[in-house]
Amino acid sequence: MWLPQLHLMRVISVKSQGYSIATDISGPMTVNGPERGSLMVQCVYNSGWETYLKWWCRGATWYGCKILVKTTGSEQEVKRDRVSIKDNQKNHTFTVTMEDLMQTDADTYWCGIERTGTDLGVTVQVIIDPASTAAPTTSTSTTFTAPVTPEETSNSPTLTGHHLDKRHNLLKLSVLLPLIFTILLLLLVAASLLAWRIMKCQQKGTAAPGGRPLLCRPDPAADQNLPTKGYHEALLLCPG
């Protein structure tokens, strides 16, 4: 690449409709890209330059710019660090892609074609837009795309209505089960006491008023052996 300052006037550059135009090559005047994102610059050349080497150079001055990446004369993509270049000889365009953009990448660049004598080239101003508070996703567009806010996550699980109902039911069961068990236990104790008293009464009998034992009806078979007087007092005790 031969870029003497004395031959700078041989490159005829004008600005028309947002493009920097040289004799046989043109490109966008400015390109914006998001910080931590990417951008693409597409430069167009006239027919006849298909197999010539295309390059991407950084620097405000023509003679002092530094070539970052250059084609091999074919359509094969060439990549160096964060910059790549690919020539489309059928469409007479070559595309430069810059990735993982940083604020320090903002500068004046050149699209150029290497030839004998003075190379052809046009300037492209690269502007890096500051990143928002949320990291944007990588974009390969020449225009800034709205950053996609990452989904906020939480270390604690979200309780849905179904889970809340389930927890509420479990809480009610934990209260009701001991209560039901206590009631059943009390009923069992009461029934046991009642049965015990009934059995005791059957075994010993129940005392009548005045301390006299409860008497049963006389045995008809024993009526003949009982004395006439005091018949009613000689009644048999109730069997235990």
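Cβ coordinates come from backbone N, Cα and C, glycine included.
Summarising the annotation, TrEMBL assigns domain 'Immunoglobulin V-set' to 28-116. Residues or ranges marked as region 'Disordered' by TrEMBL: 138-160. The feature compositional bias 'Low complexity' is assigned by TrEMBL to 138-150. According to TrEMBL, the transmembrane segment annotation covers 175-196.
Here the domain 'Immunoglobulin V-set' (28-116) has, by DSSP, the following mix of helix, strand and coil residues: 3 helix, 45 strand, 41 coil. Summed and averaged per residue, pLDDT over the domain 'Immunoglobulin V-set' (28-116) gives 95.
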